[in-house]
Amino acid sequence: MMDSEAHEKRPPMLTSSNQDLSPHIAGVGDMKHYLCGYCAAFNNVAITYPVQKILFRQQLYGIKTRDAVLQLRKDGFRNLYRGILPPLMQKTTTLALMFGLYEDLSRLLHKHVSSAPEFATRSVAALLAGTTEAILTPFERVQTLLQDHKHHDKFTNTYQAFRALRCHGIAEYYRGMVPILFRNGFGNVLFFGLRGPIKESLPTATTYSAHLVNDFICGGVLGAVLGFLSFPINVVKARIQSQIGGPFLSLPMVFKTIWIERDRKLINLFRGAHLNYHRSLISWGIINATYEFLLKIV
């Protein structure tokens, strides 16, 4: 009953994905996209953090899922959510910027470069939003250190981890920024570019619940595919960011080292990718569905 009443009151928001997006970019001063992105990220991190921790151990050490789970069990329940503050701060801010800047930049580019195709302006907006997110690299950096059990005896919380990096200079906070730029920039272009077409290929939603399911499927499928494609980049990033001090090695050099360590086998490089696929499916399903749902009620 509530679904049908809502449908009668707000018909433009429950038709096609093109119609869904158009009213959301009403003005640069509109902050609801930032707020909805923030809340969607908070919801996602709180639910999926333990799975992310298992995945991280696999990426860093190339171990099997069972061994990663045993490591977490050995660490104890009190350490299960250890390190959640950096990803919570980083993810909420990152997704607020991702969705908010994308909408604002899309509008600005379309307004000032009206001769360019909409696909081009939206792609540039997605790329710029993704690269801007990289300013939050220090949070991802500290998250990596807190999740690595080798550093458990060096610091016990986020503040101590940030403090441990301070003596190495500001550049140490941004170690691993290059793979993050690649991942975020091109990932955003594909995510925002394919989100509309995928949603349009799904059955037309006529109720809030059906709309929520479509948004979950759309975000989940995109997140799973993009997460799988970017998995090797995240493996390299985890290795780079697990180091404190020392020389700053290039992305190709670190990749070569990992490739040799894992017997030059592609399957070993993707160890943990199946878990990442399912985690991304759930995470981005939650993010996209929460974001779109909040847009309708804010």
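Quick reminder: no glycine exception, Cβ is built from N, Cα and C everywhere.
Annotated in Swiss-Prot:
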- 1-11: compositional bias 'Basic and acidic residues' (COMPBIAS)
- 1-21: region 'Disordered' (REGION)
- 28-108: repeat 'Solcar 1' (REPEAT)
- 117-201: repeat 'Solcar 2' (REPEAT)
- 214-297: repeat 'Solcar 3' (REPEAT)
- 36-56: transmembrane segment (TRANSMEM)
- 85-105: transmembrane segment (TRANSMEM)
- 119-139: transmembrane segment (TRANSMEM)
- 180-200: transmembrane segment (TRANSMEM)
- 216-236: transmembrane segment (TRANSMEM)
- 269-290: transmembrane segment (TRANSMEM)
Sort out for me which stretch, of 119-139, 216-236, 269-290, has the most Cβ pairs below 8 angstroms to the transmembrane segment (180-200).
119-139
Other than its close neighbours in sequence, what residues sit by the transmembrane segment (36-56), given a CB gap under 8 Å and a spacing of at least six beyond its ends?
65, 68-69, 72, 80-81, 83-84, 87-88, 91-100, 144, 147-148, 238, 272, 275-276, 279, 282-283, 286-288, 290-291, 294-295, 298
